[in-house]
Protein chains: 4
Amino acid sequence: MVCRSAPMGAILYMLQDHDDKPAHECGVFGIVATDADVARLTFFGLYALQHRGQESAGIAVANGRTIRSHKAMGLVSQVFNEENLRPLTGHLAIGHTRYSTTGSSRLENAQPFVVESVLGPLAVGHNGNLTNAATLRQELLTRGVGLTGSSDSEVITQMLAGGEGRTWEEKFKVFMVRAQGAYCLTVLTRDALFAVRDPLGLHPMCLGRLGERGWVVASESCALGTIGASFEREIEPGEILMITTEGPRTIAHMPAHKPAECLFEYIYFARPDSLLHGKALHAVRVAQGRELAREAPAEADVVIPVPDSATPAAIGYAQASGLPYSEGLIKNRYIGRTFIQPDDQLRQVGIALKFNALTDNLAGKRVVMIDDSIVRGNTSGPIVRLLREAGASEVHVRVSSPPIRHPCFLGVDMATYPELIAHRLTIPQICEHLGADSLAYLSLEGLINASRHGDDTFCRGCFTGKYPVDIELVNKEIFELR
Amino acid sequence: MVCRSAPMGAILYMLQDHDDKPAHECGVFGIVATDADVARLTFFGLYALQHRGQESAGIAVANGRTIRSHKAMGLVSQVFNEENLRPLTGHLAIGHTRYSTTGSSRLENAQPFVVESVLGPLAVGHNGNLTNAATLRQELLTRGVGLTGSSDSEVITQMLAGGEGRTWEEKFKVFMVRAQGAYCLTVLTRDALFAVRDPLGLHPMCLGRLGERGWVVASESCALGTIGASFEREIEPGEILMITTEGPRTIAHMPAHKPAECLFEYIYFARPDSLLHGKALHAVRVAQGRELAREAPAEADVVIPVPDSATPAAIGYAQASGLPYSEGLIKNRYIGRTFIQPDDQLRQVGIALKFNALTDNLAGKRVVMIDDSIVRGNTSGPIVRLLREAGASEVHVRVSSPPIRHPCFLGVDMATYPELIAHRLTIPQICEHLGADSLAYLSLEGLINASRHGDDTFCRGCFTGKYPVDIELVNKEIFELR
Amino acid sequence: MVCRSAPMGAILYMLQDHDDKPAHECGVFGIVATDADVARLTFFGLYALQHRGQESAGIAVANGRTIRSHKAMGLVSQVFNEENLRPLTGHLAIGHTRYSTTGSSRLENAQPFVVESVLGPLAVGHNGNLTNAATLRQELLTRGVGLTGSSDSEVITQMLAGGEGRTWEEKFKVFMVRAQGAYCLTVLTRDALFAVRDPLGLHPMCLGRLGERGWVVASESCALGTIGASFEREIEPGEILMITTEGPRTIAHMPAHKPAECLFEYIYFARPDSLLHGKALHAVRVAQGRELAREAPAEADVVIPVPDSATPAAIGYAQASGLPYSEGLIKNRYIGRTFIQPDDQLRQVGIALKFNALTDNLAGKRVVMIDDSIVRGNTSGPIVRLLREAGASEVHVRVSSPPIRHPCFLGVDMATYPELIAHRLTIPQICEHLGADSLAYLSLEGLINASRHGDDTFCRGCFTGKYPVDIELVNKEIFELR
Amino acid sequence: MVCRSAPMGAILYMLQDHDDKPAHECGVFGIVATDADVARLTFFGLYALQHRGQESAGIAVANGRTIRSHKAMGLVSQVFNEENLRPLTGHLAIGHTRYSTTGSSRLENAQPFVVESVLGPLAVGHNGNLTNAATLRQELLTRGVGLTGSSDSEVITQMLAGGEGRTWEEKFKVFMVRAQGAYCLTVLTRDALFAVRDPLGLHPMCLGRLGERGWVVASESCALGTIGASFEREIEPGEILMITTEGPRTIAHMPAHKPAECLFEYIYFARPDSLLHGKALHAVRVAQGRELAREAPAEADVVIPVPDSATPAAIGYAQASGLPYSEGLIKNRYIGRTFIQPDDQLRQVGIALKFNALTDNLAGKRVVMIDDSIVRGNTSGPIVRLLREAGASEVHVRVSSPPIRHPCFLGVDMATYPELIAHRLTIPQICEHLGADSLAYLSLEGLINASRHGDDTFCRGCFTGKYPVDIELVNKEIFELR
């Protein structure tokens with residue numbers, strides 16, 4: 001089947017902000033170490049987690065008595081300097097990098113949240129999304145707590161600060177009874193670091209060892225290597241791990257009867273050099289590409305990725321198909337946020353600020369273009385057109401994940417129902433929309449097999465609409481309507 | 001031969017600032033267009049040339065009567081916003097992105113330089129380095145011109161503003177008689193844009209057409225595509241091209257008897273999607289990798305690049321050698337300038353902020369690691385060690401350019417004699433220094449053949465020490481001493 | 001009696017930050033108006049209240065449904081621009097300028113505080129100090145509220161957000177039952193503005209009318225004139241005034257059996273053009289100077305003020321004494337915060353950045369130098385010396401308020417016991433310390449008579465140590481110890 | 001005669017930017033001192049000269065070999081911090097504070113200008129205005145110098161850098177032969193400080209001694225006192241003073257046959273604590289007020305100044321008239337530049353951000369309002385109205401300088417012919433325009449007598465239209481037309 005070319009009105013202007021990808025939802029980090037500059041180590045840990053959130057960054061440090069913190073809008077490297085790092089002395093620290101959707105992008109939402117509570121000071125960093133946040137929020141208001149922002153993370157912080165329980169251990173257990181949804185927390189008290197992962201284990205968190213000097217927790221293992229820590233194990237779904245200078249101790253273990261890890265950590269989120277269940281995600285994505293080649297072969301001359309995230313899958317596809325791997329698109333390395341908009345003439349000529357095509361590698365060739373996912377479908381069409389203009393005789397789009405037909409209610413900023421192209425259109429319709437010669441997605445089975453063979457502990461919500469938890473109706477309606 | 005492992009004192013800490021690469025020396029852009037927002041088009045053109053200089057950016061616009069400009073320190077996207085772009089109205093513009101070595105990194109060196117002259121206003125953007133700058137500078141001082149900065153570009157500006165000649169055409173010709181070395185200029189007068197390339201053609205500059213609306217010149221062709229202009233031709237070595245609303249007109253052509261293009265544009269500088277002599281540099285670099293595979297094969301299991309610049313060469317090496325291509329190193333995409341330094345403990349554990357190794361792709365494998373060039377040799381050793389720690393059983397380093405044994409005196413911030421590892425050590429010594437199992441460089445003949453078959457019009461100064469022009473002794477001594 | 005000259009170690013370096021004055025404690029403003037740009041009017045109102053606090057400024061606006069706000073560190077004119085003022089649309093607004101002691105000078109303490117509560121959104125601006133803040137704070141923590149900062153104002157905000165009461169009216173009454181000390185509040189809900197003044201009436205707040213369009217409340221009447229509003233009346237001690245688009249309505253009146261206005265508003269705090277009890281403070285201070293002349297005459301040739309605050313008192317002293325008024329000290333109008341410190345040589349020569357003496361007006365003359373208050377006594381000595389160096393034959397210091405022998409626990413940043421010179425030294429000792437020829441203070445009776453004849457409703461705490469409320473022991477101890 | 005009230009449309013909105021005063025034209029400072037931190041001393045010297053220019057500030061320091069400098073937009077206290085002051089080491093320094101009219105307010109006009117010349121580095125600070133700048137500028141362009149800005153000061157710098165003469169001494173003499181108009185220069189070479197004052201002595205400059213350690217020059221003597229230097233003497237009109245570590249030496253003396261000091265330094269510009277011809281300007285202004293009382297008495301109850309600049313004259317008027325001195329207007333001390341504009345309603349109610357009236361001191365009284373000068377006449381009317389609204393029964397305006405009927409072409413930003421109210425209207429018409437009950441100006445003879453008895457060496461250009469030098473026609477025409 002040959003799809004027709006993309007409609008002329010297609011928006012060809014692409015900046016990083018408009019990546020057609022689901023969005024990360026924060027990175028967390030925590031450390032307990034004696035004889036070490038814990039704030040500096042946290043800085044470098046956050047540096048390695050920068051891909052999980054670029055809006056704001058913060059570090060809080062405890063010294064046995066008080067908690068001091070610094071946070072601001074911007075990249076980790078912009079937020080911190082020697083001057084503001086210097087006062088952050090102690091032997092326990094947590095750090096946070098935040099991603100945020102437009103609108104709630106304000107300093108008061110930057111994390112960690114630091115509050116004084118009846119048990120002393122408390123600092124909280126959170127990655128995830130509570131599905132019953134509205135209920136919990138209303139409970140806090142009814143209990144007489146004034147809330148300053150609109151984030152789940154403030155709700156969590158006030159629940160811990162004021163929830164039932166005479167000790168932190170009790171408070172964390174009570175919290176886990178009440179909270180539903182996705183949460184990886186690093187929490188600092190005066191003298192302990194708590195790492196908490198939701199019972200479903202939706203997002204990753206792992207434990208590392210800093211030689212004899214201490215212990216580290218992080219959203220991804222890549223942050224361990226960066227500071228010279230060794231990977232110890234993953235924090236278990238439902239685990240409350242408490243780390244003091246005495247070392248780590250599991251104080252509760254409340255897993256769901258079936259975990260439900262987010263498949264998008266395997267497809268796109270986590271850095272390719274991070275490990276999940278003992279395998280580097282680069283290798284997982286190469287395997288996804290291999291599986292895709294088996295499921296959806298193409299008669300073609302060359303395999304190219306949409307850089308950078310689809311590169312491993314394209315390498316896998318090339319290996320399994322026997323087709324040569326090449327680069328067909330060059331990404332502008334210095335692309336950054338700009339508020340300068342192209343004018344109409346620029347839009348018409350179809351400027352491509354983000355990618356340029358490599359004519360020499362494409363001209364006269366039948367091209368397999370590998371992408372890892374398509375969400376709204378608004379950038380793939382222009383890329384297909386770019387390849388054709390560079391002389392590609394055919395463009396076969398292969399996607400190393402299934403069609404995304406449902407939003408995520410568990411902490412990933414995916415899109416709403418009306419925005420999701422695979423919710424609105426059939427695969428042939430999408431192919432036509434993109435102007436591709438053929439289009440195929442990796443099957444859900446293929447994805448799961450490539451990611452972790454035969455495993456049944458993944459959340460498939462965005463592909464199937466069946467979520468591992470009840471979603472509060474209010475949220476769902478909002479997503480359907482807007 | 002097996003080299004021993006890298007000395008323990010090796011600097012394992014790597015940030016973008018310390019890339020072991022020669023440094024770019026500015027990007028220039030110019031446009032004449034009616035019925036277009038020339039400042040906005042220049043903005044997007046500079047955006048595409050950002051890789052040639054990240055220190056400062058500037059735009060000057062002429063409207064037939066006056067010249068207005070804005071420039072500041074920072075990336076193009078940081079320097080400009082709608083507010084400061086708005087007053088820049090007219091139908092001619094030039095833009096500049098500047099790279100600078102530390103020390104002269106000050107706003108007064110940002111370009112374009114704008115001065116009032118006896119023939120009216122003048123704005124100058126410059127990429128290159130004059131080899132007789134000291135002499136010309138002294139002449140200006142003697143003539144009674146007070147000079148504010150220390151840059152060649154101010155010398156050029158004052159030479160044009162006050163040099164002999166009743167017309168701009170005459171002034172440009174007089175300038176070309178006097179200036180030696182490398183210079184690509186875009187110069188704006190009230191009502192004309194001049195594009196000037198030195199007789200040797202050391203650095204690239206090309207002409208593009210913006211449909212019926214106007215004409216564009218740029219350091220690299222990638223900037224043409226970005227704004228919807230089509231590639232027309234290269235500015236010839238020694239050419240003075242004048243563009244007005246009437247179109248382009250060559251007003252002089254003063255080439256050297258033999259041009260001497262900078263080979264490093266082919267190896268590393270120019271963006272892979274830019275064209276030189278009709279070929280995309282990506283394809284040129286793939287050919288360099290193929291040639292390297294022929295000259296220096298390796299018994300190995302996998303070929304990996306040092307990302308991102310060596311990726312095309314690695315693809316070529318893999319193709320020619322029949323070895324599988326893979327990724328072995330992941331680059332932190334968000335790495336940026338940070339002033340936070342690692343402490344001693346971090347240095348000892350050998351943190352690698354810039355790259356992480358992919359154990360799954362390396363463990364137990366004999367690895368060919370492709371780099372495009374080695375200047376000081378201070379980052380290759382740590383990378384080799386990183387690969388070994390990830391389990392590589394052998395690491396064979398292959399470099400897609402010859403050993404750099406001499407500094408550049410023609411505008412590239414390469415290094416000084418004592419800094420160049422290939423000036424100090426033999427290839428086996430370098431191999432031992434890197435801790436590699438073998439090391440080979442591409443031959444100069446191989447490089448030239450792959451870049452443009454059999455051509456004899458390249459500058460080979462950094463490889464052979466034979467420069468296409470006389471270098472003022474004073475410069476050379478400085479480079480040898482420091 | 002002739003005092004000896006000031007000790008050589010006297011600190012002669014004087015910058016605005018080191019003014020030897022008690023510190024202001026914030027300005028509040030509120031407005032309800034239809035058919036008006038309430039945020040803009042609030043901006044100009046705060047502009048007139050800038051003298052009450054220069055650390056941060058903020059505005060919150062309600063439109064019947066939601067509350068939007070903007071606040072930042074800096075002067076009112078630095079915090080606001082057209083861009084951040086534009087979204088603040090509505091018909092009710094409050095504004096705040098904050099003074100703060102070093103240390104707690106952080107954005108999270110900037111006001112208004114805006115929170116979501118069970119009754120909807122709430123914005124609070126506060127001027128004053130609760131004397132039972134520690135108790136109330138502990139109650140909130142026990143009730144399970146996590147507190148982010150250390151300010152009274154957050155305590156007040158959370159008490160209102162979560163305190164007992166089904167309606168705002170009830171909540172305000174409950175608050176007034178529990179709170180002790182000084183508080184002038186402007187509080188915004190979705191559709192009402194509340195102005196609350198503590199039962200003692202320690203700090204001023206007044207009501208103004210904006211023609212037919214609306215109503216205004218402000219710390220001082222000078223803010224009314226600035227925006228074209230007419231003075232209506234003072235908010236009564238213990239009054240809760242609610243203003244909606246229907247107009248103002250007193251919903252409670254809970255005065256103390258005897259009010260206790262802060263005398264320092266009459267001496268120094270309030271702007272001379274503000275009215276208290278119907279009299280402009282300029283006239284009040286002229287009367288204080290007249291009374292001082294009667295109580296403590298001096299044989300002298302000229303009367304000069306320490307500018308600017310003592311100018312009215314000096315005018316009064318001159319009038320009553322028949323001595324000519326003149327200026328003897330010129331204040332640097334452009335003095336601002338600088339972080340550049342003088343070196344030792346500069347300290348030795350006794351630079352006087354803040355004041356220069358006018359030799360022509362002083363040489364050979366017996367000078368009466370009028371100041372309105374002496375707190376620590378560290379700037380009066382250098383001024384006396386400056387006058388002598390300018391040729392004054394005698395310097396007689398007259399102070400238009402009594403000796404300050406006790407700290408303030410009710411919201412004025414005065415000083416601690418050990419810092420107060422009149423707590424440590426007798427008047428003759430102070431005179432010797434200052435190097436003056438004579439020294440006299442206005443008596444407490446004289447001050448009260450001049451301020452409001454025969455009135456008995458002033459707080460005299462800082463002069464007598466007898467406060468109108470119980471001070472929590474913890475505070476008092478802190479002040480005594482530090 | 002009783003003038004009618006001001007027209008209702010009068011703009012009552014007054015911000016500092018709209019002061020109806022002539023504008024200052026920069027302050028210069030220079031120092032040569034061994035064993036001292038010359039940059040820090042220059043900082044404090046500029047601090048004392050801040051009233052002469054608030055747009056930008058800069059310091060250049062020489063150490064015998066090179067000159068280093070720092071300058072930026074803003075107040076002295078904003079431009080400098082310990083970090084940027086630290087590298088400015090040496091034993092000679094100059095500093096500059098700049099005032100500028102809107103439009104040319106750009107960093108490239110900030111001073112000192114620092115250039116490399118054939119005789120070595122050169123730094124120039126300038127206060128004044130050349131009357132033949134256009135001619136000199138054209139000569140430089142013709143000589144082949146490209147000029148970056150539009151300021152006189154760049155012209156001066158390039159004239160010194162490239163002008164005739166084998167030595168600096170010769171170059172300065174040649175410069176003085178060519179330059180016409182007003183210029184006080186402080187110029188730094190590698191190892192000498194030059195202080196140059198134009199032959200007419202239009203603006204002040206004086207020499208001070210820093211004990212045994214060195215020498216200081218400054219626009220006003222107030223800067224000497226601030227850093228502990230003693231006043232030595234004024235730099236003579238036409239003098240070129242060279243200061244090295246050997247001390248000061250007059251290398252030329254080229255006075256005009258009759259000097260022509262700017263009378264506005266006596267009326268308004270110089271700080272009241274600065275000395276001119278041995279008298280503090282405060283005393284001079286008191287004498288002007290006394291003279292005004294003799295020339296133009298008024299039947300009234302009270303004398304008030306328009307603060308702050310008219311305070312000394314009001315004190316003098318009160319002394320000579322026997323009327324009581326009081327304050328009637330309070331100036332907002334914190335007024336600063338704001339870009340927030342009042343809306344129409346605010347304009348109509350006549351907000352007065354800058355001044356508030358003191359009703360108690362004015363109600364029912366016949367008021368003499370003293371101002372030191374009226375330029376455009378746009379703020380006096382609103383002030384008169386403010387006084388009337390506060391209850392003044394009569395307002396008699398007295399001005400301690402003559403009517404300004406002509407622009408200044410010698411460096412003072414006064415106004416253009418059409419803007420000057422006294423150029424357009426007669427005194428009775430102005431009185432009516434202001435809505436005053438009577439209006440009188442000090443006579444020119446009275447002004448001169450009070451300023452320096454019987455002296456005939458003043459420039460009277462703005463009062464009489466007779467300038468001490470020829471004004472280039474081009475300037476004059478511009479002023480007349482615009």
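The backbone N, Cα and C atoms fix where each Cβ goes, glycine too.
For B:C26, the entry in TrEMBL reads active site, nucleophile. Summarising the annotation, TrEMBL assigns domain 'Glutamine amidotransferase type-2' to B:26-246. Here TrEMBL flags B:C262, B:C408, B:C459, B:C462 as [4Fe-4S] cluster binding site. Residues or ranges marked as Mg(2+) binding site in TrEMBL: B:S309, B:D371, B:D372.
Feature annotations (TrEMBL) mapped to structure.
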residue: B:C26; record: active site, nucleophile; CB count, 10 Å: 25
residue: B:C262; record: [4Fe-4S] cluster binding site; CB count, 10 Å: 27
residue: B:S309; record: Mg(2+) binding site; CB count, 10 Å: 20
residue: B:D371; record: Mg(2+) binding site; CB count, 10 Å: 22
residue: B:D372; record: Mg(2+) binding site; CB count, 10 Å: 24
residue: B:C408; record: [4Fe-4S] cluster binding site; CB count, 10 Å: 24
residue: B:C459; record: [4Fe-4S] cluster binding site; CB count, 10 Å: 26
residue: B:C462; record: [4Fe-4S] cluster binding site; CB count, 10 Å: 28
Cα-nearest neighbour of B:C462 ([4Fe-4S] cluster binding site) within the listed recorded positions, B:C26, B:S309, B:D372: B:D372
Euclidean distance between Cα atoms of B:D372 (Mg(2+) binding site) and B:C459 ([4Fe-4S] cluster binding site), Å: 18
Sorted by sequence, non-B:C262, B:C408, B:C459, B:C462 residues with Cβ within 8 Å of centre, [4Fe-4S] cluster: B:L202, B:L263, B:F264, B:L410, B:V412, B:M414, B:R460, B:G461, B:Y467
Rounded distance in angstrom between the Cα atoms of B:C262 ([4Fe-4S] cluster binding site) and B:D371 (Mg(2+) binding site): 19
Average model confidence [pLDDT] within the domain 'Glutamine amidotransferase type-2' (B:26-246): 92
Nearest recorded site to B:C26 (active site, nucleophile) by CA-CA distance, among binding-site residues B:D371, B:D372, B:C408: B:C408
Rounded distance in angstrom between the Cα atoms of B:D372 (Mg(2+) binding site) and B:C408 ([4Fe-4S] cluster binding site): 17
Cβ-centroid neighbours of Mg(2+) site B:S309, B:D371, B:D372, 8 Å, sequence order: B:K21, B:I267, B:Y268, B:P305, B:V306, B:A310, B:A313, B:I370, B:S373, B:V399, B:S400
Nearest-integer angstrom distance between the alpha carbons (Cα) of B:S309 (Mg(2+) binding site) and B:C408 ([4Fe-4S] cluster binding site): 20
Pairwise CA distance, B:C408 ([4Fe-4S] cluster binding site) versus B:D371 (Mg(2+) binding site), rounded so that it is a whole Å: 20
Assigned element (helix, strand, coil) containing B:C26 (active site, nucleophile), judged by DSSP: coil
Coarse DSSP state, helix versus strand versus coil, of B:C408 ([4Fe-4S] cluster binding site): coil
